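In TrEMBL this protein carries:
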{"type": "ACT_SITE", "residues": "Asp16", "note": "active site, nucleophile"}
{"type": "BINDING", "residues": "Tyr85", "note": "substrate binding site"}
{"type": "DOMAIN", "residues": "119-240", "note": "domain 'Pseudouridine synthase I TruA alpha/beta'"}
Amino acid sequence: MPDAGSLRLTVAGRTDAGVHATHQVCHVDVPDQTLGQCVGYMNLTPVQALQTRVSRMMPDDIAIHGISVAPAGFDARFSALERTYVYRIADARVPWDPRLKDFAWRTDRELDIAQMNAAAALTLGLHDFGSFAIANPGGTTIREVKTAYWQRVPTRPLLGPGMGERYHTPAVESGLLCFTIVADAFARNMVRSLVGACVQVGMGKRDVDWFAGKMRVPLREGSTGPIAPQGLTLEHIAYPADDELAARAERIRAKRTL
């Protein structure tokens, strides 16, 4: 039976230390003999047995939602159509909840969501995000952003109507400012750097024209560094139909140009 070091795991989206994922996808080649040995005493299929055994090994901050046999041509990284990230901020508009310290970034300033959305709109389409990403020698920082917007989570009670005002404790995400961005792929530090730049605009430290200039000239420098990691979550990864997986992977492996 192979040891863990002989199995190569490929993940759909790289996450920096402190960044979360509610939907991560990976693939690994498991020998048939190893898969069969997973069953042991369990009255389960080999794949079900593998999921049971792997789940038992995971620490509490990792959850296995499912294991299945991958379709032909599937590559967790290169077959993906798009990835969705959300960054959560608690600004001065929302009372700080200490439970969010590992899942949201906090500021004592009130952020201008209209100005931040004006900046975010400039990222839509195919661009070189060199101003907002770590250089990729031999690769590219060209990416296609399909969706990018800021919104404030509506305040809603934890318990429903009819419970009386004393029970109307707000749900934990009430009032948070959230940035949702969807792209075919992301360069390293790209999302956190875009968020950091938008926050500077929202605080009035920079204007939208400054942000537009960074989009026009893809040059990395100190003012476009990444914001803290804890507010960022990889929320979803989408894939094409099974018969399109291999072609998608081949196309994405090619170096992109503008």
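The backbone N, Cα and C atoms fix where each Cβ goes, and this holds for glycine too.
No curator has checked TrEMBL annotations; they are predicted automatically.
It is Asp16, among the recorded positions Asp16, Tyr85, whose Cβ has the fewest other Cβ atoms within 10 Å in the structure shown.
In this structure, the C-alpha atom of Tyr85 (substrate binding site) lies 13 angstrom from that of the residue listed as 'active site, nucleophile'. Helix, strand and coil counts under DSSP for the domain 'Pseudouridine synthase I TruA alpha/beta' (119-240) come to 38 helix, 31 strand, 53 coil. Across the residues of the domain 'Pseudouridine synthase I TruA alpha/beta' (119-240), the predicted structure has a mean pLDDT of 90.
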